[in-house]
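Before any comments, here is the structure.
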Amino acid sequence: MGGLSLNTGYLQTNRGVIKILQIIFGFIVCSLLCYYWYGGRTCFYEGRLGFVSGVNFIIVIINLVLFVLSLLNVANYKMERIYSIVGMVLFIIAFAIMFWYLIEYEFNHSQQHIAATILVGIIMGLFIWDYKILHGDAFN
């Protein structure tokens, strides 16, 4: 493996910080939506929460893989551009679904779901920022 080297400079870029924050906030959203886990029912059972949990879980795994690839200096900008668009759209939908869920069921009753909705909104904003960086509209 003579061609791979550790790119520690990636951690100092806006994209590196965005990816770290997406991973951290993604794990927090997982723990908030699955706070009472019983056979996967609270994470993936109810349709709306199940969609948000599933999307978040898959995105966290993909973010971890992309983070490691970026640290190893394996750059695939075309794939990352497509991923940023898909992630942005999925998290816009997830944020709307969580907001709808809060309004319909428990806007005043569940602090975990309120916090998860706020963090999903923050992750959505991070995806929008990452999209702008990859398309040259924001500074890296």
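For all residues, glycine too, the Cβ spot is worked out from N, Cα and C.
Annotation comment: TrEMBL describes 20-38, 50-75, 82-102, 114-134 as transmembrane segment.
Residues of the same chain lying 6 or more positions beyond the ends of the transmembrane segment (50-75) and with a Cβ under 8 Å from any Cβ of it are 4-8, 10-11, 15-16, 19-20, 22-23, 26-27, 29-30, 33-34, 43-44, 83, 87, 90-91, 93-94, 97-98, 116, 120, 123. Long-range contacts of the transmembrane segment (20-38) within the same chain, counting only residues at least 6 positions beyond its ends with a Cβ under 8 Å from a Cβ of the stretch, are 11, 49, 52-53, 56-57, 59-60, 63-64, 67, 112-113, 115-116, 119-120, 122-123, 126-127.
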